[in-house]
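Before any comments, here is the structure.
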Amino acid sequence: MKGFETHLLPLLQPPPSSFSPELSNGYLPQRQGVNNLKSANFHPRSSPSMLKLFSSSAASRAHHLTPAIRTGASSVESPLLKALSHFTGLNRRSNSLGGGGRRVFFCSDNASDAAAAEAEAKAAESDSDGSESKSSSAIVPTNPRPEDCLTVLALPVAHRPLFPGFYMPIYVKDPKVLAALQESRRRQAPYAGAFLLKDDPSSTDSSSSTDVEKNINELKGKDLLKRLHEVGTLAQISSIQGDQVILVGHRRLRITEMVSEEPLTVKVDHLKDKPFDMDDDVIKATSFEVISTLRDVLKTSSLWRDHVQTYTQHIGEFTYPRLADFGAAICGANKHQAQEVLEELDVHKRLRLTLELMKKEREISKIQETIAKAIEEKISGEQRRYLLNEQLKAIKKELGVETDDKSALSEKFKERIDPNKEKIPAHVLQVIEEELTKLQLLEASSSEFNVTRNYLDWLTILPWGNYSDENFDVVRAQQILDEDHYGLSDVKERILEFIAVGRLRGTSQGKIICLSGPPGVGKTSIGRSIARALNRKFFRFSVGGLADVAEIKGHRRTYVGAMPGKMVQCLKSVGTANPLVLIDEIDKLGRGHAGDPASALLELLDPEQNANFLDHYLDVTIDLSKVLFVCTANVIDMIPNPLLDRMEVISIAGYITDEKVHIARDYLEKSARGDCGIKPEQVEVSDAALLSLIENYCREAGVRNLQKQIEKIYRKIALKLVREGVVPEEPAVAVDTEEAEIVTKLDVESTENNSVPVAKEPKEEAQNEKTSVEKVMIDESNLADYVGKPVFHAEKIYEPTPVGVVMGLAWTSMGGSTLYIETTVVEEGEGKGCLNVTGQLGDVMKESAQIAHTVARKIMLEKEPENQFFANSKLHLHVPAGATPKDGPSAGCTMITSLLSLAMKKPVQKDLAMTGEVTLTGRILPIGGVKEKTIAARRSQVKTIIFPEANRRDFEELAENVKEGLDVHFVDDYKKIFDLAFVSDNKQQD
């Protein structure tokens, strides 16, 4: 224990006149000073004691508190020094310090002689105060003595136990208990027992301190006794102010039995520490580790330093047990851990428990210091950056390099509108000027400032009156359209008409064109080609699934994050007021709680209204009359009628096989070859392979799937070439363009001058030879190796057509298709005539079957009156494939022919297909999809087609390559179909 006196010395403090309610754990925030030691009526403070921690080395003394030793006149030793000497062995060194008459004082720095003399004088004055001062007891003498108190009032403590030598303020709400405490003070027996309250099993962890105090006040008698810990502290009642009672801990108690219930009075036993050896090395080492840990905590924790500065403890000898109590009392342990220390009577175990708690406290202090340092560095960095930015702004403003934000914004907006000020409409210019004036009056930090700035940004960036120069050259436009797309004559003709009208008028007007057709026919890509042909800016946005009107009309500026609609964004993006706007998937508009976008498009796509289109965000009208709108749709039936009425619809049917071959050769194959890095001389795809690819893999109306299959072929070819080593490993060296031109020129000149040709490298010749040898051939025989097995098979499943089966023509969203109508007899019997239909037919097609059954029965009565087939036969009509839904009226004539073929037991003419709606009187009505149905018939090698007379004009408008090789008949009555379908046996044999 050598040197212990330089580590720990508590300073005695007088009690304050009043205690703050916040000091629920007995800690006091201020220090009164050493000069109050002379007071005879002092009380020990309830806050943690002030520890003076010193290092034994000379270097650490320069940074920590150092003792200033002076010799006093009195020979009476301070009880504090006597207790400390007893604990640390200081009495063995008394001679070296000047004998028994020497006094030791500690100050916070190396005090001067005057300060030391003043401290010595005050100590001498304190020693001359009489017997009370000589005893230096921190406990006010009472009669009876504390050890004589065997029956005490039991006071519950809610948050932490009271340790001997510490103050604790408590609040007593029970008038009877408060009166009993006051009576004890008057009888010179101011003692009570402070016992920690056990946790309530029914309470939760989130219960507040107010709820806990309320529960304490409700506990009485035996209920309160059950909730109290057996071991507590004998406490002296220091003062009573209202309902606040200040307690000072003395010694440990244990409850033995209850004396009375209200107020709760119990019998107690005074507990003493178990005997221990003060010279035991383990105890000494443990105590020094406690002191060392406490010193480390004091270096990092300002909270503990404040506590220690105000702590006073001077109760007899300063021993190991009191050191353990002191550490446990001032650390931040929970009440259960503190109660465990209080209940422990083995000094060594108590020191170990205290050491564990203080080690945890040290770790917490380190973490707290790390967090505080990180936050402080972050805050200081941000403050420094802010100050530097403000200084930089001030310097730039003084030098005239930069103006303030509002002036800079105003100048930027004015620079935008000045070049086109005469083109901006007057009402728009007025709004801009008003908003600029408003911007100058607003504070830059206000939210309205940002709204106004964004509004001006949109108003001034729009291309008011700026139009791109259009191309009115019809020939050039025709070349551009033919370069990008094969076929699509209707669309190209309409665009050329638009250009011709613009050239004659000298100016162009906006139009609304709707391209409808199956997927993959080029509706979207044609829009970009039209924009290039017209020399207009191109902007595309899709409205598929759009359910918010604000996407079209914009948001109100009152909303957070408000933005203009798509058209205003389009004008800002393209920078001209006459772009080509492609509105994709207009037939897939949604409708939600935010309104109906289809109704919002009415104003946008109406030529009479879009000259004054009003966006909700801008709140000023915009002229969109020069904009060319091109819409795309798969099925126009899904477009609302009012919207469809405002558009000029151009139908794009599917491509026939010949057109697909041209598109694949001229467009798709070149694009796929370039994307895969393959040279034309390395691959050859035969016409037979390309035709087989189209017929067996890509029968769709469009060419999107054909493009995917061609890309698949070229990817596999690229992999094959790389595996065979055709492509050199070394990357090609980049050559400057000018240098390449010079080399080419020199080569040409050398050739003209009949110079000796330069010999090529052997490696280059070998490479060229290898490349030419490794040419990949794709034909019909090895096509399946690249694209797999055929997807489609021949639609013509009957050769020749049997009795009761007739081929019809149908239209689908993917183009045209052939389908068969099959009829057979289920059973025959007198009066059993009926018809059953299958094939997943729709309501319209089921009605057509009933009409066909009636018409066929009528025709049989006319042709063969004696034939009672329909009256006595139960028939079954089926339309394969059964998994495909089918509907529509155009199969009426095909059904009648199938029924008559079964009734007359005659097959129809070979390679015949027909389509047309039939009435009950036998009239043939027009149908739709003539081109698609014609293409489907050619694909199935049909030679003869029967169309309604009303569709003659539609067929004549088809291209010659579509009509070539077909024998087409146009009929208006079913009798003509009967004559064409059922030929005589002799003619059929011929």
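Using N, Cα and C of the backbone, Cβ positions are placed for all residues, glycine too.
Unlike curated records, TrEMBL annotations are generated automatically.
Summarising the annotation, TrEMBL assigns region 'Disordered' to 118-142. The domain 'Lon N-terminal' annotation in TrEMBL covers 150-362. Sequence annotations record features per position, and here TrEMBL assigns coiled coil to 350-377. For GLY517, PRO518, PRO519, GLY520, VAL521, GLY522, LYS523, THR524, the entry in TrEMBL reads ATP binding site. Marked as domain 'Lon proteolytic' by TrEMBL: 800-984. TrEMBL lists SER890, LYS933 with the feature active site.
Known features from TrEMBL, placed on the structure.
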residue: GLY517; record: ATP binding site; Cβ contacts under 8 Å, 6 or more apart: LYS523, ASN634, SER651, ILE652, ALA653, GLY654, ALA701, GLY702
residue: GLY520; record: ATP binding site; Cβ contacts under 8 Å, 6 or more apart: GLU700, ALA701, GLY702, VAL703, ARG704, ASN705
residue: VAL521; record: ATP binding site; Cβ contacts under 8 Å, 6 or more apart: ILE652, ALA653, GLY654, TYR655, ALA701, GLY702, VAL703
residue: GLY522; record: ATP binding site; Cβ contacts under 8 Å, 6 or more apart: HIS485, LEU488, ILE652, GLY702, VAL703
residue: THR524; record: ATP binding site; Cβ contacts under 8 Å, 6 or more apart: ARG540, LEU582, ASP584, THR632
residue: SER890; record: active site; Cβ contacts under 8 Å, 6 or more apart: GLY808, LEU809, ALA810, TRP811, THR915, GLY916, GLU917, ILE927, GLY928
residue: LYS933; record: active site; Cβ contacts under 8 Å, 6 or more apart: LEU809, ALA810, TRP811, GLY816, THR915, ILE927, ILE945
By a 10 A CB contact count over all chains shown, which of the binding-site residues listed here is most packed: PRO518, PRO519?
PRO518
Could you please provide the mean pLDDT value for the domain 'Lon proteolytic' (800-984)?
88
Cβ density check for LYS523 (ATP binding site), other Cβ within 10 Å (all protein chains) comes to 26
Check: same-chain CB within 8 A of ATP site center, minus GLY517, PRO518, PRO519, GLY520, VAL521, GLY522, LYS523, THR524
LEU515, THR632, ASN634, ILE652, ALA701, GLY702, ARG704
